[in-house]
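Q: From Swiss-Prot, for reference:
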BINDING   Thr9, Gly10, Asn11, Lys12, Gly13, Lys14, Ser74, Phe158, Gly159, Tyr160, Asp161, Lys181, His186, Arg187  substrate binding site
ACT_SITE  Asp73  active site, proton acceptor
BINDING   Asp73  Mg(2+) binding site
Amino acid sequence: MSQKILFATGNKGKARELKEAFKTAGVDVEIITNSDLDNPPHPIESGRTFEANAKIKAHELADYSKLPTIADDSGLMVDALNGEPGVRSARYAGEAHNDAKNNAKLLANLGGIPDEKRTAKFWTTIVVSMPGEFEKDLVVSGTCSGRILAAPRGDDGFGYDPLFFVPKKDKTFAQMTTDEKNEISHRGNVVRELLKVLPALA
């Protein structure tokens, strides 16, 4: 029987990518998400770093579910904007945010900045927590470098994917298949790092 693990997210795009990454790596686990739980908590991401926010989510959901729990916090860091939007990536446009509004704000803030200075990277930190054993948390991080286009390209993906161009693939994340994206993405990279330090799942 596959080991059951909770991925502490309500983001279907993130969940799909993680499941595909584990499948590609040949890891036999059953990954469930917040939507599979009865009235799950909604942690407040009040941390100032990706690791802090991931731990907040992992600890609260592990306590609630009594399952081994994976949580991630990810963000886009744009060099010309001094690392913004960073930990505020999902809420960049304010309380009434959505992907379109976040992307529009990013493009507005990069107005007039030439292509060669629109460099950026995606960053993901994953925390794995066991209920009642938070002192044993596993923490791994992964990145992917690229640049921000002046207009979106592609119909797949989520978040900033249509604007994040990866030169070595000559595509945005939104133009890639899930397998292509997992091969090079921050989340794909962090899952590979996770498997190196998590032999129980490998």
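Each Cβ is built from the backbone N, Cα and C atoms, and glycine gets one as well.
Bear in mind that the values here come from a model prediction, so they are computed numbers and not experimental data.
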Q: Below 8 Å Cβ to Cβ and six or more residues apart, same chain only. Which residues does that give for Asp161 (substrate binding site)?
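A: Listed in sequence order: Gly154, Thr172, Phe173, Ala174.
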Q: I want to verify one value. Collapsing DSSP to three states, which class is His186 (substrate binding site)?
A: helix
Q: Here are the binding-site residues: Gly13, Gly159. Which has the lowest count of other Cβ atoms within 10 Å?
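A: Relative to the other binding-site residues in Gly13, Gly159, Gly13 has the fewest Cβ atoms within 10 Å.
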Q: Far apart in sequence but close in space: which same-chain residues, 6 or more away, have a Cβ under 8 Å from Asp73 (active site, proton acceptor)?
A: Glu45, Gly47, Phe50, Glu51, Ala52, Asn53, Ala54, Lys57, Val87, Thr124, Thr125
Q: If you count other CB atoms within 10 A of each CB, which of Thr9, Ser74 wins among these binding-site residues?
A: Ser74
Q: Does anything in the same chain, at least 6 positions from Asn11 (substrate binding site), have a Cβ under 8 Å from its Cβ, and if so what?
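A: In sequence order, the residues whose Cβ lies under 8 Å from that of Asn11 (substrate binding site) (at least 6 apart) are Phe158.
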Q: Could you tell me which three-state DSSP class Gly13 (substrate binding site) falls into?
A: helix
Q: Looking only at Thr9, Gly10, Asn11, Lys12, Gly13, Lys14, Ser74, Phe158, Gly159, Tyr160, Asp161, Lys181, His186, Arg187, which the record lists for substrate, tell me the maximum pairwise CA distance in angstrom.
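A: This binding site's residues have a maximal Cα-Cα distance of 20 Å.
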